[in-house]
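Among the features that TrEMBL reports, active site, proton donor is placed at H172. Summarising the annotation, TrEMBL assigns active site, proton acceptor to E304. If you look up TrEMBL, you'll see N71, R72, H172, T173, Y174, D238 marked as beta-D-galactose binding site.
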Amino acid sequence: MAGIEEAEEMLELSNGRITAKIATWGATITSLLVPDAHGNLADVVLGFDTLEPYMQGISPYFGCIVGRVANRIKDGKFTLNGVEYSLAINNGPNSLHGGLKGFDKVVWDVVEHKGGECPSITLQYHSKDGEEGYPGDVVVRATYSLPDSTTLRLDMEATAENKATPINLAQHTYWNLAGHNSGDTLDHSIQIWGKHITPVDENTIPTGEIMPVKDTPFDFTTEHKIGSRINNVPGGYDHNYVLDCGDEKNGLKHAAKLKDPSNSRTLDLWSDAPGMQFYTANYVDGITGKGGAVYGKHSGVCLETQGFPNAINQPNFPSVVVQPGEKYKHSMLFEFSA
């Protein structure tokens with residue numbers, strides 16, 4: 001359905017088992033109904049009932065796609081092909097998630113909305129040369145699909161049209177597998193297939209070091225409750241894991257397994273990205289969301305598969321630069337079970 005006029009709207013994606021609502025604003029997952037072992041449905045993502053709060057900037061990146069570059073860029077500066085670029089500073093001294101008006105704060109066009117066996121929605125956004133300080137035109141596409149009964153898939157791609165540019169997209173859903181309105185997630189257990197993190201300085205910028213998690217509160221190579229050691233991490237978890245030890249399936253690595261003990265609802269995340277930001281909603285503080293639910297600290301868990309933070313300024317990190325005519329690709333699979 002190409003050529004649909006630009007308008008903020010919510011679209012539904014359903015296969016009878018799971019139902020997602022996707023907004024054209026920020027290509028945002030606003031709702032995701034998933035069954036537990038008894039078939040009881042719960043909405044497992046934090047968000048709002050209407051688009052207004054997202055558009056008014058009240059949302060702390062609930063459910064959206066962030067870009068052109070996810071995560072933090074030190075001092076909002078980088079040099080590429082001899083040119084220094086300056087970005088908006090919107091997170092302490094850094095630029096975060098694409099700047100003041102990143103991909104989460106624009107309307108994406110609906111290019112396809114399919115029903116049938118594998119329902120899907122494809123959204124597209126054209127980011128212009130100089131937007132938020134970034135070089136070159138970029139056309140980005142995101143396809144949400146339901147390839148089987150309890151799996152949501154996201155395929156993102158972006159083409160650098162005319163200049164080399166950093167591209168690093170992430171999906172920023174806050175998960176609460178007990179239901180979005182059920183309090184904090186400190187009882188959720190998580191396993192992360194990463195033996196290393198990229199430790200950060202006082203401004204949450206990676207130091208460039210790759211640090212083993214063994215014998216630290218960051219070690220989730222075996223399953224642990226999120227709350228069991230969170231108090232040993234000042235501020236809570238907001239760290240990039242190096243995805244370096246998961247099984248592969250169809251070219252995607254096992255990144256994380258999140259589980260809620262109250263109903264055994266489980267999310268297995270698979271991705272082809274090199275890293276994953278594990279963030280425990282440390283800065284969420286009394287936001288009124290869907291159905292009047294009040295979201296407090298640690299009320300959700302973000303599992304943002306991504307290129308490493310500040311990679312554009314860290315030569316030893318995997319490059320996030322895409323050359324003109326080249327395509328960035330990033331896929332993830334959210335598999336639910338109970």
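Numbers here mean position along the shown chain, with the first residue as 1.
Cβ coordinates come from backbone N, Cα and C, glycine included.
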Within a 10 Å radius around the Cβ, which one of these binding-site residues has the most neighbouring Cβ atoms: N71, T173?
N71
Nearest-integer angstrom distance between the alpha carbons (Cα) of the residue listed as 'active site, proton acceptor' and D238 (beta-D-galactose binding site):
10
Checking the spread of the beta-D-galactose site as listed (N71, R72, H172, T173, Y174, D238): what is the longest Cα-Cα distance, in whole Å?
18
Tell me which residues of the chain lie with their Cβ under 8 angstroms from that of D238 (beta-D-galactose binding site), as long as they are six or more apart in sequence?
T204, Q277, F278, Y279, T280, N282
In whole Å, how far does the CA atom of R72 (beta-D-galactose binding site) lie from that of the residue listed as 'active site, proton donor'?
14
Please list, in sequence order, the residues in the chain of H172 (active site, proton donor) that are at least six apart in sequence and whose C-beta is under 8 Å away from its C-beta.
Y61, F62, G63, C64, I65, V66, A70, H97, D104, C302, E304
Looking only at Cβ atoms, how many others are within 10 Å of the one on Y174 (beta-D-galactose binding site)?
27
